[in-house]
Amino acid sequence: MEWGIALVGFGNVAQGLARIITRKKDDLIRRYGFVPVVNAIVTGSKGTIWDPSGLDLEAVLRSLDERGDFSAVSASSASLDRILDDPRIGVVVDTTPTNLVTGEPGLSLIRRAIRSGKHVISSSKGPVSVALPELMALAASHGVAYRFEGALLSGTPSINLAMEAMAGCDVVKVQGIVNGTTNYILSRMEEGLNYSDALTEAQELGYAETDPSGDVDGWDAAVKAQIIATVIMGEPIALSQVKREGISKVSLEDVRSALSRGKRIKLVAQVERKDGVLEASVAPLELPLDHPLAGVMGATNAITYGTDNLRDVTIVGPGAGREETGQAILADLLAIVRERGLNLGRRTA
Ligand SMILES: NC(=O)c1ccc[n+]([C@@H]2O[C@H](COP(=O)([O-])OP(=O)(O)OC[C@H]3O[C@@H](n4cnc5c(N)ncnc54)[C@H](OP(=O)(O)O)[C@@H]3O)[C@@H](O)[C@H]2O)c1
């Protein structure tokens, strides 16, 4: 019998993962002993496809590109219940859209998958923000992993970096540029665009949504500050505990004035323990030009971890994108393969 993967959601991120897996399949088998077998794909409007012997991902991607659906794929369909009940499925990957208030639809899916004994990987911020302690406890009680690397900085290692690569360090302060849209807008304002022109440009380029409030009012960055506090600093907080100010009041004059004083305005998510009390905030800050985050321009993201054993560690990289976030899921899959001895695609019954 083979272990396989069920992909719930097949938009940007899951297609990015499918492209990486298709391109690097031989390499993944040779280097990691990881045989990536995807048995099921579940979507909101395009239905579900299911193949107990493994879907042909190249055919799936081609069908989507050419027809906009799965009609050219040779596969049957199955209900989500049947997929979750199937012992061949070892991992459920959730890339459904995120709702920061309810955590749905990912939250219910993750609960169901964990209760069915599946490892879960999710790129969705909603479930982490709404129910992380519950989900971690649930996963522990069912002896499965719940990993969500992609929810913080897309594929740029951030959660796994702090929790695994820097094991043994205490992270005492975190500062991050964790929202690419606002960093793009502020970078363009330095080049002379006013706030509304820079926002319009970000929307035209697909960085900002039609309703940009999630980015420019700091909500997205605030959820990431919450994730940092809860996961990396080990102190679960509610989103409402993150002090939040966005960038809509930052003027061209503010940006120019900061530059004339050797500073740069950045929207910074900050989590710090002061006298034993954890403080989390998102606000536009003037950073000196030699600050590790000051040179991070455009849609790029970065995080500086202030630690006891290493002092400051900064990582800079993409904070969004199809294959970039697909890479976060692949890293989580490989971590499960490594840590749990779960040899996806190769388990003998
Ligand atoms: N894109 C990025 O760069 C990025 C970076 C980091 C994190 N994320 C997070 O990753 C998640 C996925 O992002 P994305 O860009 O891939 O989104 P997307 O392109 O909108 O894809 C979402 C997928 O979920 C499906 N879906 C919607 N409701 C569903 C339901 N109830 N059950 C099953 N499937 C459902 C959609 O199907 P239909 O289209 O058929 O409805 C679609 O296939 C989001 O939570 C996002 O916030 C994205």
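Every residue gets a Cβ built from N, Cα and C, even glycine.
Going by TrEMBL, these are the annotated features:
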type	residues	note
DOMAIN	9-149	domain 'Aspartate/homoserine dehydrogenase NAD-binding'
BINDING	LYS125	NADPH binding site
DOMAIN	157-334	domain 'Homoserine dehydrogenase catalytic'
BINDING	GLU209	L-homoserine binding site
ACT_SITE	LYS224	active site, proton donor
Q: Compute the C-alpha separation of LYS125 (NADPH binding site) from GLU209 (L-homoserine binding site), stating it in Å without decimals.
A: 17
Q) Looking only at the domain 'Homoserine dehydrogenase catalytic' (157-334), what is the mean pLDDT? A) 96
Q: Counting Cβ neighbours within 10 Å across all chains shown, tell me which of the recorded positions LYS125, LYS224 comes out on top.
A: LYS224
Q: Take the Cβ of the residue listed as 'L-homoserine binding site' and count every other Cβ within 10 Å, whichever protein chain it belongs to.
A: 12
Q) What is the three-state DSSP composition of the domain 'Aspartate/homoserine dehydrogenase NAD-binding' (9-149), stated as helix, strand and coil residue counts? A) 65 helix, 21 strand, 55 coil
**Q.** Distance [Cα-Cα, Å, rounded] between LYS224 (active site, proton donor) and GLU209 (L-homoserine binding site)
**A.** 18
Q: Check the residue listed as 'active site, proton donor' against DSSP and tell me helix, strand or coil, would you?
A: helix
